[in-house]
Amino acid sequence: MQNKLWSSTFLRLLHSASNVSPKHSYRSSSRIAVIGSGPAGLYLTSAVLRRCPDSVIDVFDKAPVPFGLVRYGVAPDHPEVKNCTHQFDRLFTENAHRLSLFCNVGVGSDISFEELSNHYDVVALAYGANRPRMLNVPGIHETENCYSGSDFVSWYNGLPGARHPQLDCENVVIVGNGNVALDCARILLSSSERLAKTDVPEAILKEISNSQVRNVYIVGRRGPLDISFTIKELREQINLPSSSFSISNIEREEVERLLEASSHMPRPKRRVTELLLKNWSTSKDSLKHCRLLFHNRPTAVFNDASKRVSAVEFTDARTGDVRKIECGLLIYSIGFENIILKGVPKTEDGSAIAMKDSCRVDTKGSSGASVYAVGWCANKPQGVIANTQSSAVAVAQEICADIEAKPKMKQDTSIKMEDLLNERGVRYVTWEQWKKIDEKEQQIGKSAGKDREKVMEFNI
């Protein structure tokens, strides 16, 4: 069983919400398990419930509360991106007789994938690509205060159990040229006043207000024409109050040449590239600075006597020149890798989920559930929530088509999922219990002039 910390206050809240078994007509319905309560899983759930009126769905998540990256991955100063949770609220409210939530349940620990496959007609894998790709350079494994971008994002978003970085340093190095790198830089260079009305937990806000960070270096292996930033995030960084923005290893002549080259790009890519190059050096009189460095590959990480990171070495891909940037915190944001749950069919080399096509998992003739993958489980881990929504709707259409073509599927209805989890002592969190937490977070947040004050510790 996972080690899970819950506060006594919210223990009482959870117990005050009745845990009533849903009124599902299991024997006459198609039973579907969705693993993951983030956007991919819940958009899929919504589309299936609309298209398959006789289906019932149970949503599982290892986190104690729902919504996945919407809660713990979206930047706190982007509240508009989190508005999809209102749609998910309606989804559970309007389909209470057909839809159940089981948070705090680890598939592979509390219940096996094989058990779900035997218990349901359909299993949908929607748990994302939740392992950051490691920066494998000499010295990093022996060095402290080095974070993946996703771990750093989890910290400032208040994920229970997240590691807390040391911010008592002037220089931070971020490796990566995507939006997560910009999000991390923006939070590090923002004032606590700018973040005060966001849903950054108060304890984290205090750490940010005590930060000594003044310089953030965003370093990429490739050049300005290869950035993965989107225009909104880049514009926010350029216009961030009290922080300057510049590209360290580029001259005006090269800027002009790159602008000419970018003119042939597709419009969205051209716009963000032009924004970057036209703001290659801002003249703000500020105490904080964001500096971009291109064409540099990290080759070594150094630490001090306490094993804390002290510098990162880079090699220029064009000239071979070596430079060392001193820093007290290293963040690397170089993508994600898929975690394959135990029991889920793999490719021969074990590196990916075995797929028949774009969404159907190759179960190799198993008599268990039909298995599908959606979102980052099925696709390359990239894109925004809108991309995830369209992908989820497309997979839902395939699921419903298969159900209609083969309505009588094998399923074990001898035991309800609630009974099985209760027998094992799994303290799962239902939708009703989550709403108690949600209401309390909003109540506490309102008194502080913000949308919510996230709970960071739980104790069931």
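The chain as shown is numbered from 1 upward.
Yeah, the Cβs are placed from backbone N, Cα and C, and that goes for glycine too.
Lifted from TrEMBL, the feature list:
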- A40, L69, V107, W376, G383, V384, I385: FAD binding site (BINDING)
- N177, G178, N179, V180, R221, R222, E233, G383: NADP(+) binding site (BINDING)
- 31-191: domain 'FAD/NAD(P)-binding' (DOMAIN)
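Positions of TrEMBL features highlighted on the structure.
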{"residue": "A40", "record": "FAD binding site", "contacts (Cβ under 8 Å, 6+ apart)": "A126, G128, V374, G375, W376, C377, T388, S391, A392"}
{"residue": "L69", "record": "FAD binding site", "contacts (Cβ under 8 Å, 6+ apart)": "G38, P39, G128"}
{"residue": "N177", "record": "NADP(+) binding site", "contacts (Cβ under 8 Å, 6+ apart)": "I218, G220, R222, D226, I227, S228, F229, F294"}
{"residue": "G178", "record": "NADP(+) binding site", "contacts (Cβ under 8 Å, 6+ apart)": "S228, F229, S333"}
{"residue": "N179", "record": "NADP(+) binding site", "contacts (Cβ under 8 Å, 6+ apart)": "S228, F229, T230, E233"}
{"residue": "V384", "record": "FAD binding site", "contacts (Cβ under 8 Å, 6+ apart)": "T230"}
{"residue": "I385", "record": "FAD binding site", "contacts (Cβ under 8 Å, 6+ apart)": "P39, V70, V81, C84"}
For this session: For A40 (FAD binding site), name the DSSP secondary structure in the helix/strand/coil scheme.
Result: helix
For this session: Determine, from DSSP, whether V107 (FAD binding site) sits in helix, strand or coil.
Result: strand
Seminar exercise, completed: Whole-Å Cα distance, V180 (NADP(+) binding site) to V107 (FAD binding site), is 27
For this session: State the Cα to Cα distance, in Å, between R221 (NADP(+) binding site) and V107 (FAD binding site), rounded to an integer.
Result: 37
Seminar exercise, completed: For the binding-site residues R221, R222, the largest set of other C-beta atoms within 10 Å encircles the C-beta of R221
Problem set entry | Cβ contacts of V107 (FAD binding site) (under 8 Å, same chain, 6 or more positions away) | I35, F60, K62, F113, L116, Y127, L341
Exercise. For N179 (NADP(+) binding site), which DSSP three-state class applies?
Worked result: helix
